[in-house]
Every structure is written in C-alpha cells, then in structure tokens.
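To start, the structure under review is shown below, and the notes come after it.
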Amino acid sequence: MSVKTKTITILPGDHVGTEIVNEAIKVLEAIEAATPYQKIHFDFKHHLIGGAAIDATGVPLPDDALESAKNSDAVLLGAVGGPKWGTGALRPEQGLLKIRKELNLYANIRPCNFASDSLLELSPLRPEVVKGTNLIIVRELVGGIYFGDREEQEESADKQTAWDTEKYTVDEVTRITRMAAFMALQHTPPLPIWSLDKANVLASSRLWRRTVDKVISEEFPTLSVQHQLIDSAAMILIQNPTKLNGIIITSNMFGDIISDEASVIPGSLGLLPSASLASLPDTNTAFGLYEPCHGSAPDLPANKVNPIATILSAASMLRLSLDCVKEAEALEEAVKQVLDKGIRTADLRGTSSTTEVGDAIVEAVTKILKEKA
C-alpha cells in the first residue's frame with residue numbers, strides 16, 4: 001500500500017493559538033502512526049498569521065503563508081488577535097479576512113451540539129431545554145456587509161457620517177444554499193433546512209429568500225426549507241434550541257452573530273469546531289480552513305486552554321478535506337471517551353491541563369484505531 005501524503009498549512013496565530021494547534025498536531029501524528037485504514041503521512045508547513053505576523057513581518061498575512069495555504073490540502077489555524085494590536089490600521093483579524101477571501105472560503109460550517117451528554121449540566125440553559133440540540137450553521141463567509149463598500153466621512157467634529165453596504169448576488173446565495181443542501185443530505189433522513197434573514201426590511205434578504213426557495217425547489221425537491229426572521233430565530237435558539245435542529249443557512253453578518261449565540265449553549269467555546277470550505281466536500285477532499293470557534297484568550301495562563309475545539313476541528317479536516325472519514329470518527333469517539341472520564345480543563349469544571357487533555361485523547365484514539373486493525 002502506497003503512502004498518501006496530505007499537506008497541511010499550520011497557522012498558530014496569537015496567544016493560546018500555538019498551544020491548541022500543538023495538541024491537534026500531536027493527535028494527528030498519533031492517527032498517522034496508528035490508523036489501520038490506510039498509509040498516510042501528514043506534512044505540516046508552519047507559517048505566521050495575525051499579530052505574530054505583524055510583529056515579525058509588518059503584515060497580518062505574509063505572502064509565504066498565503067502561498068503555502070494555496071498549495072496545501074487544508075489549513076489548520078489557532079486563533080488571532082489580542083489587545084496588544086488594538087484596533088489600528090493594521091489588525092490581526094485582517095489576516096483572517098484576507099485568507100478567507102483569497103482562498104474563496106465561502107462557506108463556514110459550525111455545529112452546535114454536545115460532544116457528550118455528560119456536559120449538559122454545563123450549559124447556561126437548563127439541561128432539559130438543551131438536551132438533544134443538534135444543529136449545523138452554514139454561514140456565507142465572503143459576501144455581504146463585511147465585504148461591501150464602506151465609508152466614514154467627517155465634515156466637522158459634530159457632523160460625522162459612516163455607512164456599510166450589504167450586497168448579495170444570486171450566484172453567492174445559490175452556492176451557499178447548495179452547501180446547506182449537501183450537508184442536509186448527508187443524514188438519513190435528510191435534515192430540515194432553516195434559512196434566516198431579515199426579508200421584512202432588507203432588499204438583500206428578499207433576494208436571499210427568493211434564491212434559497214428557487215434552488216431548493218428546483219435542485220433539491222426532497223428537502224424542506226423554512227424561513228425565519230433572524231431576530232425571531234435568536235429568541236428561539238434560547239427558548240427552544242432543538243426546534244432549530246437541522247441545517248441553518250444565513251448571511252455573513254447574521255451568521256456571525258447567531259453562531260456565536262449558539263456557541264454558548266454547550267457551556268464552553270472550547271468545545272466547538274469550525275470549518276470554512278471553498279467547495280462542496282462531495283469527495284471528502286474539499287479545500288478548507290479549520291479553526292476553533294474561540295479567540296486567542298490573551299489573559300489565560302499557559303497550559304490552561306481547552307484544546308478540544310481545535311482537535312474536533314482537526315476531525316472535521318480529516319473528514320471533509322483529507323479523505324480520512326474513519327479516522328475522523330475514531331477521533332470524535334476518543335474525545336467523547338475523554339470527556340466522559342472527567343478529563344477536562346477548567347472551563348468544563350475540570351482540573352486537567354491543556355497537554356493532559358491532549359495526551360488523553362492521543363491515548364484514546366490510538367487504542368480505538370488499534371482495536372480496528
């Protein structure tokens with residue numbers, strides 16, 4: 001059996017980014033050594049992004065990092081940002097926005113579920129309210145107001161005006177709808193689709209709604225889609241989150257907000273992975289960028305950050321970009337086993353360190369894979 005090499009660009013970023021990415025690499029190396037399903041080698045290419053890149057090169061995304069990403073099978077990112085770099089002309093977050101745009105990462109996939117039912121008690125909502133929550137937010141990532149025209153005008157100190165433009169095309173909405181439909185069809189029976197917009201006041205949302213309806217009815221007639229105003233959906237997500245189980249599709253800004261709201265339901269940002277894709281993962285080889293939902297946590301002491309979100313992001317990378325579906329399933333099972341054993345960082349009311357959690361997951365996934373041999 002020939003060895004299959006997969007190239008992964010590693011962008012640790014700032015603060016805890018290095019720690020969490022190191023744990024994910026450790027787990028991936030264990031999978032490489034133990035998997036009985038195929039001979040595989042992960043070739044890691046390390047580069048800078050964010051504040052670390054600004055300090056070293058003067059820009060938040062150096063050309064060599066972008067070029068490496070373009071020539072890789074996937075990108076694994078830690079986290080960017082921190083108070084050191086403030087909100088000036090050069091900001092760490094600009095590196096993330098640029099790489100999304102340059103790599104055409106148009107779809108952000110964020111699940112909201114419980115990696116283990118033993119975590120239900122950690123949710124800020126009552127366990128009986130959140131039990132069974134299982135939704136996937138598909139956010140359009142390279143269009144809308146974040147990439148529209150904008151301007152700040154100052155005629156005088158007392159007279160200032162600023163505006164941002166929300167703009168969507170039929171093509172942009174069509175491709176994100178197809179992504180949501182593909183995700184829905186990966187389940188038996190297919191998952192329902194919820195489309196969130198503000199069609200009662202925004203022209204862009206009315207185009208969004210019309211396009212979603214057209215794509216689903218013409219291309220995916222077996223799927224169901226329901227429309228919900230974003231403000232109403234935000235309330236439902238807290239009152240009765242399981243009502244929104246399935247696939248949620250929404251625009252860039254609305255997706256940014258609703259996915260952050262959803263991320264607190266499981267009790268910790270340290271649990272939730274994120275994938276940003278440039279194409280449908282219909283052959284499990286879509287190019288993607290994978291990162292945790294949380295930020296760089298500059299105030300957190302060393303070896304205290306929860307690495308699970310990044311490790312689960314690596315599991316998503318295995319499944320969607322690296323054609324290692326069985327390895328991804330083994331890794332997700334390993335995470336569940338470790339959580340059920342109570343090996344947890346402080347954000348999950350545990351006492352384990354970052355490296356201890358990573359080591360436990362390495363041990364668990366190695367055992368699972370060797371049992372399959």
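Keep in mind that glycine also has a Cβ here, set from the backbone N, Cα and C atoms.
For the substrate site that Swiss-Prot gives as R100, R139, D231, the extra residue drawn from R91, R110 is R110. Geometry remark: P301 (NAD(+) binding site) versus D260 (Mg(2+) binding site), CA distance 24 Å. The two recorded residues, K304 (NAD(+) binding site) and D256 (Mg(2+) binding site), have Cα atoms 26 Å apart. If you count neighbouring Cβ atoms within 10 Å for each of the binding-site residues G82, G88, G295, P298, P301, the highest count belongs to G82. Taking a C-beta cut-off of under 8 Å and a sequence gap of six or more, K198 (site 'Important for catalysis') has these contacts in its own chain: S205, L229, I230, D231, F254.
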